[in-house]
Amino acid sequence: MRVIIAGAGRVGTRVAAELARNHDVVMVDVDADRTDGLGYELDVLTVVGDCSSIETLRESGVESADLLIASTGSDEINLLTCETAKSLADVTTVARVKGLKYIDTWDRAEDVFGVDFMVGTNLLTIGAAVGGTGLEAAQDFDVFAGGTVQMAEFNVESGGAIVGKTISEADQFESLTFAAILRGGTTIVPRGSTRIEADDDIIVIGKPASVHAFGAKLGHAESPTRNVLIVGGSDIGYHTARLLEERGLRPHLLEADPDRARALSERLSVTTVRNKDPTVRDFLDDERIEDIDVVVAALDRNSEANLLSALRAKQVGIDRSVAIVDHGEYVELFEDAGVDVAVNPRRATAEEIVEFARDQDTQSVDLLEHEQVEVIEIRIDEESILTGRPIEEAIGDLPDGVVVGAITRNGSFLMPRGDTVVESGDHAVVLADSDVAEATINLL
Amino acid sequence: MRVSVNWRQSCAYVGTLLKYLAVTMLVPLTVAVVYGDDQFVFLASMVITAGIGLALERLEDGADLGLEEAFLFVTLAWVGVSVGGTVPYLLAGFDTASTVGLSLDSPAALGNSLVNALFESTSGYTTTGATVLEEISFERHSHALLMYRQLTQWLGGMGIIVLMVAILPELAVNGAQLIDAEAPGPELKKLTPQIAETARILWLVYAEFTALFICLLYALHLLGVAPNMDLYNAIAHGFTTLPTGGFSPEANSIAAFSPAVQWLVIPFIIVAGTNFALFYFVLQRKFAEVFRNRELQGYVGAIVGITLLLWAMLFTGAAPALGGLGGTTQGVAENSLRQALFQTVTLLNSTGYATSDFAQWSEWTQVLLLAVMFIGGSAGSTGGGVKVIRWLVILKAARRQLSATVYPDVVEPVRLGGQVIDEDVVSGIFGFTFLYLFIFAVSAVIIALDTGRVGLQLTTIEALSASIATIGNIGPGFGMLGPFGSYLQFPATSKVLMIVLMWLGRLEVVPVLVLFTRSFWEW
């Protein structure tokens with residue numbers, strides 16, 4: 001496969017390093033200094049030029065390319081590059097964007113911006129950062145379809161509230177699918193009458209609020225509301241607060257710049273935004289430490305301050321701290337230093353892109369820990385086996401053990417029922433046995 | 001001092017306005033022809049008003065209205081129509097027992113008659129509904145004059161400036177500025193890109209509701225459930241319900257009509273206090289926008305809550321039988337509900353009709369009704385007062401103050417229905433409301449002192465209600481200012497103050513007061 005990577009920044013380089021082993025990779029960047037070094041470091045071809053121009057794209061061989069990954073630092077140039085490439089050749093395009101607004105637009109209609117796959121840096125990071133909060137009972141966790149759908153795997157402890165109940169008794173949640181029960185190495189497709197036993201692993205897919213509520217129910221003594229303090233009103237900080245709000249939490253957010261604080265408070269209706277400098281050493285002194293469960297350090301472009309804030313939080317006795325790290329190499333270092341979760345937006349983005357490159361039609365694959373089942377998010381197109389027919393009819397043509405967990409249409413959640421007709425352009429989150437996952441992806 | 005405001009152009013537009021005002025007098029003239037009285041009065045009034053208008057128009061110098069000129073024009077326009085509107089009262093009442101007719105008996109009588117006519121005219125155009133007529137009857141006044149009195153409220157209701165912007169293309173340039181200065185409420189919401197189109201829509205919705213209301217009233221008459229609601233009365237009350245006016249050619253206001261009529265009037269009073277833009281959304285089938293509207297929720301919520309409270313009071317006997325004028329008998333549900341609901345809506349949104357002499361209700365119900373007068377209608381409605389939206393914003397801002405006490409560094413915008421209210425607007429609302437309440441309080445004191453000076457002792461609630469009823473454009477108050485009483489006994493000085501209050505209230509204080517600042521006139 002011939003892959004063009006536009007933008008030789010950290011994300012681009014990381015993706016190139018992954019893909020160069022098995023594919024022909026061409027890297028494009030305006031900066032000759034950067035491309036010069038790369039040619040020696042990685043087994044790639046380099047082109048210097050403006051990747052959104054026709055000449056540069058032609059020069060990098062877009063006509064014969066199978067995949068174009070636009071990952072420059074600018075959202076707009078990435079989108080423009082995809083659009084231009086599409087007009088020149090039949091190439092699959094991937095755009096990396098930072099702004100959530102573009103993902104919203106892209107989710108709404110097909111073929112917007114000429115982008116086949118959009119990776120949102122911030123969204124992924126947030127999914128990872130927020131994922132840990134409020135879902136302590138989950139053994140595994142992932143977000144799909146731009147955050148509209150969540151998947152979580154819970155272990156049922158003996159003596160828990162739902163042990164011995166049937167699925168239909170336990171299912172008191174709106175828009176929640178019980179996708180699979182893993183019991184002693186076998187995967188059970190749950191029916192309404194399936195009884196839940198102690199030590200089962202249950203995989204649920206559904207609306208964030210419902211997954212969260214289910215987790216809270218399993219989470220025994222754990223109080224369902226968690227108090228989150230977000231340090232720094234960066235874009236990531238903002239989206240973290242927004243996602244927490246959607247989950248029914250009331251986070252606090254500290255931001256030093258008064259104008260930025262005002263702008264954030266206008267957009268976040270539930271979050272308590274406060275104009276306070278969180279980079280000073282004693283920023284936690286007048287907080288009610290005992291009430292705070294999680295601190296998310298999300299200061300803009302300031303890994304060191306994030307590290308210090310997160311460590312300081314641990315030091316005063318806060319349960320859990322999450323830090324955003326700007327340099328991927330430091331993720332492990334941060335976690336070694338005592339931060340519970342360190343997240344690097346770029347690393348997460350690069351992983352996502354590589355994942356996509358490996359299987360172009362699949363949007364997102366989550367391999368659960370024991371590798372029995374996979375959860376796959378797919379954008380349904382005209383050729384898909386699901387298109388235009390009720391799910392109960394289509395499921396017959398799919399391998400056994402495949403469960404349609406959630407559908408999103410135009411960015412909103414749709415609970416899949418037997419009679420739900422899937423349309424082209426919908427996103428489907430599907431759970432499948434690992435052995436048949438490949439076949440399922442092909443059918444869909 | 002060098003005046004840098006182009007007052008000539010503003011005055012010229014007032015002239016244009018008076019010219020059109022003369023045309024509207026065709027309505028009472030038609031009534032005069034039908035009933036065969038006062039034709040001469042209205043012909044002469046038309047000639048005089050048009051003459052003044054044409055004379056003022058000669059000041060025109062063709063310049064565009066700037067920000068200052070727009071304020072000046074709007075404020076002068078309301079003075080202009082009020083003064084121009086006195087002509088029919090003065091002429092029709094000349095040399096009769098009418099308290100608003102021109103009297104040349106003595107200089108004092110002349111002054112009194114001029115003040116009275118201006119009071120009645122201002123009360124009409126500002127949709128206050130306070131009257132200085134000694135006796136409202138067809139023996140004392142002609143059908144045409146009483147219809148003219150109703151018409152002034154209809155013209156003032158949706159706003160004469162809004163009407164002018166709708167019909168005069170030369171005003172469209174600065175139309176938004178003009179309407180903003182005139183329209184009730186903190187902010188103007190444009191419905192369409194062109195302001196003239198917005199003005200037309202508002203007037204059209206207003207006219208359609210009026211027409212519908214007149215038809216329904218007359219239908220009740222034809223059905224036989226409203227014997228005295230003849231065509232004349234139907235039109236007359238159609239003219240004063242939608243503008244939250246309150247004038248009635250019946251001395252006993254709506255109490256003169258059957259319960260069926262009273263029940264029909266209630267929803268239309270409520271409509272009159274609603275933001276008319278919402279009806280445009282209804283026509284566009286944007287129902288969600290209407291139901292999500294916080295001000296509408298607050299307005300309806302206030303009506304329901306206060307009505308229930310008042311109903312309980314009346315049900316337990318707060319208003320003993322008042323000789324056919326809407327007394328409620330203890331323990332009768334329909335009557336007390338109707339009286340409670342009617343009096344609540346009419347005073348809350350500043351209409352000023354009455355179906356019961358609430359000035360004779362028990363003390364505590366009167367205090368409740370006095371408090372209700374401070375609420376006001378919705379922004380963009382024809383109602384007067386402080387307006388529901390301002391109270392909502394003030395309450396929200398106050399709540400924010402409380403959370404700022406816990407977290408001194410909290411940054412929290414004031415939200416209304418999810419929408420962020422700009423800080424400038426919030427402080428503007430605080431400023432307006434304090435200014436409004438300040439003027440109310442000072443005026444109440446002045447009125448009390450001034451009436452005391454001439455030996456007329458006002459009770460506390462009378463003095464307070466005189467002030468709020470005029471600045472809030474409500475009309476009736478308590479005691480001698482009750483719904484079936486009149487403002488005639490006040491000394492001329494108090495009446496002049498009240499004329500100013502009505503004018504301030506209609507234009508929501510700021511556009512008027514800004515004219516009295518030095519920075520307005522000088523560069």
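Placed from the backbone N, Cα and C atoms, the Cβ positions cover glycine too.
If you look at the transmembrane segment (B:12-34), the same-chain residues 6 or more away from its ends with a CB under 8 A from one of its CBs are 41-43, 45-47, 49-50, 52-61, 65, 73, 76-77, 79-81, 84-85, 88, 142-145, 147-148, 151, 155, 160, 164, 167-168, 171, 232. Residues annotated as transmembrane segment in TrEMBL: B:12-34 (among others).
Counting only same-chain residues 6+ beyond the ends of the transmembrane segment (B:40-59), those with a CB under 8 A from a CB of the stretch are 8-9, 11-12, 14-23, 25-26, 28-29, 32, 80, 84, 87-88, 91-92, 142, 144-145, 148. The transmembrane segment feature in TrEMBL is assigned to B:40-59 (among others).
Same-chain residues lying 6 or more positions outside the transmembrane segment (B:71-91) and placing a CB less than 8 Å from one of its CB atoms are 5, 7, 9-11, 13-14, 17-18, 21, 25, 28, 41-42, 44-45, 48-49, 52-53, 56, 65, 98, 100-102, 113-114, 116-118, 120-122, 124-126, 145, 148, 152, 155-156, 160-161, 164, 178, 181-182, 499, 503, 506-507, 511-512, 514-515, 520. Sequence annotations record features per position, and here TrEMBL assigns transmembrane segment to B:71-91 (among others).
The transmembrane segment feature in TrEMBL is assigned to B:154-180 (among others). Listed as Cβ neighbours of the transmembrane segment (B:154-180) (distance under 8 Å, sequence separation of 6 or more from its ends, same chain) are residues 13, 16-17, 20-21, 24, 64-67, 70, 73-74, 77-78, 81, 124-127, 187-188, 190, 194-196, 198-200, 202-203, 206, 210, 238-240, 242-245, 272, 276, 382, 506.
Summarising the annotation, TrEMBL assigns transmembrane segment to B:201-223 (among others).
Annotation source TrEMBL lists transmembrane segment at B:260-283 (among others).
Under 8 Å from some Cβ of the transmembrane segment (B:295-315) lie the Cβ atoms of residues 270, 273-275, 278, 328, 330-333, 336-337, 339-341, 343-345, 348-349, 361-362, 364-365, 368-369, 372, 375, 377-379, 388-389, 391-392, 416, all in the same chain and six or more residues away from its ends. According to TrEMBL, the transmembrane segment annotation covers B:295-315 (among others).
Within the chain carrying the transmembrane segment (B:367-393), a Cβ under 8 angstroms from the stretch's Cβ atoms is held by residues 126-128, 157-158, 183-189, 202, 206, 242-244, 272-277, 294-296, 298-299, 302, 306, 309-310, 313, 343-344, 347-351, 358, 361, 414, 416, 421, 425-426, 429, 432-433, 436, 461, 464-465, 468-469, 472-474, 478, 505-506, all 6 or more beyond its ends. Taken from TrEMBL, the feature transmembrane segment covers B:367-393 (among others).
According to TrEMBL, the feature transmembrane segment maps to B:425-449 (among others). Away from its own ends, the transmembrane segment (B:425-449) comes close to residues 186-187, 386, 390, 393-394, 397, 414, 458, 463-464, 466-468, 470-471, 490, 494, 497-498, 501, 504, 508-510, 513 of its chain (Cβ-Cβ under 8 Å, at least six residues beyond either end).
Taken from TrEMBL, the feature transmembrane segment applies to B:461-484 (among others). Sequence-distant contacts of the transmembrane segment (B:461-484) (same chain, at least 6 residues past either end, Cβ-Cβ under 8 Å): 123, 126-131, 244, 246, 251-253, 255, 325, 347, 350-354, 356-360, 366-367, 369-370, 373-374, 376, 384-386, 436, 439-441, 443-445, 447-448, 451, 490, 494, 498, 501-502, 504-506.
Annotation comment: TrEMBL describes B:496-516 (among others) as transmembrane segment.
Within its own chain, the transmembrane segment (B:260-283) is flanked in space by residues 157-158, 185, 189, 191, 201-202, 205-206, 209, 213, 216-217, 220, 225-226, 229, 237, 241-244, 254, 289-290, 293, 295-296, 299-300, 303, 338, 341-342, 345-346, 348-351, 353, 355, 377-383, which lie at least six positions past its ends and keep a Cβ under 8 Å from the stretch. Here the transmembrane segment (B:201-223) has long-range neighbours at 154, 157-158, 162-163, 166, 191-192, 229-231, 233-235, 237-239, 241-242, 258, 260-261, 264, 268, 271-272, 276-277, 279-280, 283, 380, 382, meaning same-chain residues at least 6 beyond its ends whose C-beta is under 8 angstroms from one of its own.
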